[in-house]
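Feature list (source: TrEMBL):
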ACT_SITE  A:Glu106  active site
BINDING   A:Asp11, A:Asp105  Mg(2+) binding site
DOMAIN    A:7-191  domain 'UmuC'
REGION    A:406-434  region 'Disordered'
SITE      A:Phe16  site 'Substrate discrimination'
Amino acid sequence: MRSTASVLHLDLDAFFAAVEQRDKPSLRGKPVIVGGTGGRGVVATASYEARTFGVGSAMSGREARARCPHAAFLSGRFHAYRETSAWVMEVLRELSPLVEPLSLDEAFVDLAAADLPDLEVSTVTAAGERLRQRVHEVTGGLTATVGIASSKFLAKVASELDKPDGMTVVPPGTELTLLRPMKVTVIPGVGPATAERLRRAGIHTIAELEAVEEDELVRLLGQAQGHGLWQLARARDPRPVLAERETKSISVEGTYDTDLNDRRVMEGLLARQARDVGARMRKNGFSGRTVTIKVRLHDFTTLNRSSTLSSPTDDGTTIARIARSLLADLDTTGGVRLLGVGVSGLADWVQEDLFGSTPEEDEAEEVRLLEPPRRTWPPGADVVHDEMGQGWVWGSGSGVVTVRFETAETPPGPVRSFRDDDPALRRLEPPAED
DNA sequence: TCTGGGGTCCTAGGACCC
DNA sequence: TCTGGGGTCCTAGGACCC
């Protein structure tokens, strides 16, 4: 927690629905519901007019229709949402270079990195109001709600307090006074299951949470969550605003209007999803080693099965083959409502290739390649060499083999890509372990 | 005929290694 | 013929977020 209110959280109000109302004037002032259109869909966003009827996010489309039959139900135009979101993020970056998007409609901004004369409450308040005005102009009339406080946690809590089209600044030193009367469910990370556990322990408010010993919370909720909540109950939150977040997995899934019973149909759908995952990976420069399938049965029980390859892939056919073999081990009697495929354990080498390399880096790589090879290799590695030295196959896919060259001085060493039929690549016997 | 899609993080057990 | 403990990797499931 900082001594100044310098973390800003911005939340675009009813974002998807607001974009629809902006682009289609006939929808303005009327209940608009994005999502929930399919047989098993749920509501992604309800406009404030629709919320009046008790419609909210994650509600089934069936129930939303029952509560608000005259609403406009739309399936969503994600290109428009992405475009408008990008405009907003640009506006935030004009204020501070340190912007952490959380989703299309939410972000943290670090005001300590902004070009402001100071971080007094009056100064950050004025900056927040200017920001809301700029967002309104740039998006063609969308409104945003802002919270400003001394940590991510407090800024996010603050932005919930004056929705829509409002702002709350928490003066430093007043955090606990604000938090203590609130329910524990305002804490991000306390969902229905955690709230129920806390309720059974007689804990409803943050003041009650604050009174519990740390050991007791860890016993109740586990190490990470117990310790985390103990800290948050004291308004302690040292998490920095981070502009870059690493992608950990890429997946595609689908829920079908009627349950699937034919295994060949399931295999076909998995294969298509696997191709889509592979295409997205190549487009974004990722490859990964762990392929996971997700299967939701008719009764909503959800199964995951995964398999880890010895080297990363971005190839849809490879992903599909593994997905099919993982499905083969599952009993899908009774029907399947959802199928999904994902890849995790992402390697970073293709990403690095996207940025290219500088002459200095190239020269450094040449130097490393001339150094004597390291004589240990990962178990089962495919050891190869070219005229420059020895390495081991780190990744393959799309007709390309990636080789990591290791030296004693600089593990992990440089990475080179070859076509997999490149005659310069010769396979070697792995050297004996020493 | 209640319960989306795309993610992140945590836990827990077993294998394996030192 | 008895057996500790730590670390890492892998797998499965669950909670949570927008």
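Positions of Cβ are set from backbone N, Cα and C atoms, glycine also.
TrEMBL: automatically predicted annotations, no manual curation.
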All-chain count of other Cβ atoms within 10 Å of A:Asp11 (Mg(2+) binding site): 20
Sparsest Cβ surroundings (other CB atoms within 10 Å) among the recorded positions A:Asp105, A:Glu106: A:Glu106
Packing count at A:Phe16 (site 'Substrate discrimination') (other Cβ atoms within 10 Å of its Cβ): 26
Conformational class of A:Asp11 (Mg(2+) binding site) under the three-state DSSP mapping: strand
Averaged pLDDT score, the domain 'UmuC' (A:7-191): 98
The residue listed as 'active site' versus A:Asp11 (Mg(2+) binding site) - Cα distance in angstrom: 5
Residue pair A:Glu106 (active site), A:Phe16 (site 'Substrate discrimination') - Cα distance, angstrom, rounded: 12
Rounded Cα separation (Å) that holds between A:Asp105 (Mg(2+) binding site) and A:Phe16 (site 'Substrate discrimination'): 9
